[in-house]
There are 2 protein chains.
Amino acid sequence: MRVTVTSNTPTARRSERRLVTHAAILDAARSLFREGGYQRTTIRAIGREAGVDPALVIQHFGNKEALFEAASEIDFDLAEALPGPRDELSARVLEYMLTQLDKEPDALLATLRSMLTHQQAAHAARCAFLDDGATKISGVLDGEDAGLRSSLICTMLVGLMVTRHLLKLDDIVQAPTERLIELVEPCLRSLVEPERRLSDHG
Amino acid sequence: MRVTVTSNTPTARRSERRLVTHAAILDAARSLFREGGYQRTTIRAIGREAGVDPALVIQHFGNKEALFEAASEIDFDLAEALPGPRDELSARVLEYMLTQLDKEPDALLATLRSMLTHQQAAHAARCAFLDDGATKISGVLDGEDAGLRSSLICTMLVGLMVTRHLLKLDDIVQAPTERLIELVEPCLRSLVEPERRLSDHG
DNA sequence: GTCTATACCGTGATAGAC
DNA sequence: GTCTATCACGGTATAGAC
């Protein structure tokens, strides 16, 4: 168990206990949703992990959907990587994503884990880094098909998140962040500046 | 319903009927696993879709796991894209993947859909296009980090499969296959030939 | 021999009693 | 704030109908 509320001191005021319980449940939920995805994670298991009765979980969050929503609230905004020299845009975006993910944020990984099999997670993923991320990037690109190219950049980022943090491919997991940036940056660059793509040189 | 066995003619020989039923179940299973993933798809729903009693589903395949395994047998081998001029390797790999996927093969999409939340699907994905695919590609690459670079190529392919065929991002879905090849080929090329990557030119 | 009806047992979500 | 009861559902086994 990662957190239990049994450690609440008897003298703790009720409202404090309530907050601790709330946090413990959220924490347990995030952890389990992250590892197993939405469907395989049960309220009972969340209660167990949090050291709390399953019924209490419902009391705090209403139902499983609402709990998932609360547990998968994401702190990830590609817009933060956009300002700066245009020439280093692809490196900035890539680095932002990799460093955010290297913190292994439970909420974000929970969303990613479930995005293929759960509507709400799919929607959250779009908002966080697919549709919305692409729109943001698209704003600083020019040339033909800026929308499509931005979507492709996001596609590559998602691919990397999936293989590195969910499927955990050996090579990708073990590679140092800097090496990944080195290798992937040219990929993104070719989408940022399609007019300068390699085939024009070779 | 996509297929029912009620259309079996009464005069059909038993063994034929059995085959038809078998195929109908497999077909229904593939279709449902593809759309909903492993956990959300129930034996009962598969039976309904196939116009067959749920118990019969078990009789034919033993259990849900075995049915999934049978339904998600994949016909996809990157090795087919490897032979040929080295200069066009990235284009061949990309085109192979895109054309295979554009046929929307149920079994492959079922595997992809479940790979983040189901062990067996994850394993199948590794065998089909991640670990094994990377190993195969790695064989024809040279230079530093051939293994990592092959894995990254597969990563990009997976990203594309996911956004185009599962999450169905508008831009990516609507883009013609040829345009996708045009835009993504330079990405892969930069991984095939890292020594010639764009940053060396700019 | 092929399929159907039904039942069993576990589990999960949730509501209501304590 | 905790425990227990309920109710639906899912996977699977079995008995018998065709």
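Including glycine, each Cβ sits where the backbone N, Cα and C put it.
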Under TrEMBL, the annotation DNA-binding region belongs to which of these stretches: B:42-61, B:62-81, B:142-161?
B:42-61
Quick one: mean pLDDT on the DNA-binding region (B:42-61)?
95
Could you give me the DSSP helix, strand and coil counts for the DNA-binding region (B:42-61)?
16 helix, 0 strand, 4 coil
